[in-house]
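Participant: The structure's right below; bear with me while I get my questions together.
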Amino acid sequence: MESSKETGYQPREGPILCINNCGFFGSAATMNMCSKCHKDMVLKQQQAQFAAASIENMVNGSIKQKEPLPADAVTVEVELKLDSPRPTLDPVPSEPKPKEGPSRCTTCRKRVGLTGFSCKCGNLFCSVHRYSDKHECPFDYRSAAQDAIAKANPLVKADKLDKI
């Protein structure tokens, strides 16, 4: 076997902490980073390469500019692309999807699920706020009731009776 003097490799005593000071242990294979920090670094590098390539394609494809962009402009574009979870090249925004989250009380934002109460004002409420006086309902129950009674009970007018 070769000695450590011949190879130049000197193993460290004990585990190596991550260079990002996250508290986990790193290894030489991941540049003294833990697996999570190393994966994040590789992902950021891939996104930066993708962003730089897309900027270069935009500059070369649409503008056909001979001179390169200033370094400040390129870094700003790259930073903006890194923040987005998935870079897209589609210039037309897709139509927004309807909200498919859990149903919640409009007043207290409590999750109601299937037990929610729909009010005549069009909102969904929990069992505490289901009554109109508890959630300051803008629906006018009085005029609605008067209209319902008027429709249900038409005015009956009898013919005049002949006097005897």
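Any Cβ shown, glycine's included, is placed from N, Cα and C.
Sharing the features that TrEMBL gives for it:
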{"type": "DOMAIN", "residues": "12-46", "note": "domain 'A20-type'"}
{"type": "DOMAIN", "residues": "99-145", "note": "domain 'AN1-type'"}
{"type": "REGION", "residues": "81-103", "note": "region 'Disordered'"}
Participant: For the domain 'A20-type' (12-46), what's the model's average pLDDT?
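Facilitator: Value for the domain 'A20-type' (12-46), mean pLDDT as a whole number: 87.
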Participant: Quick check on the domain 'AN1-type' (99-145): DSSP residue counts for helix, strand, coil, in that order please.
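Facilitator: Across the domain 'AN1-type' (99-145), DSSP assigns the residues as follows: 8 helix, 6 strand, 33 coil.
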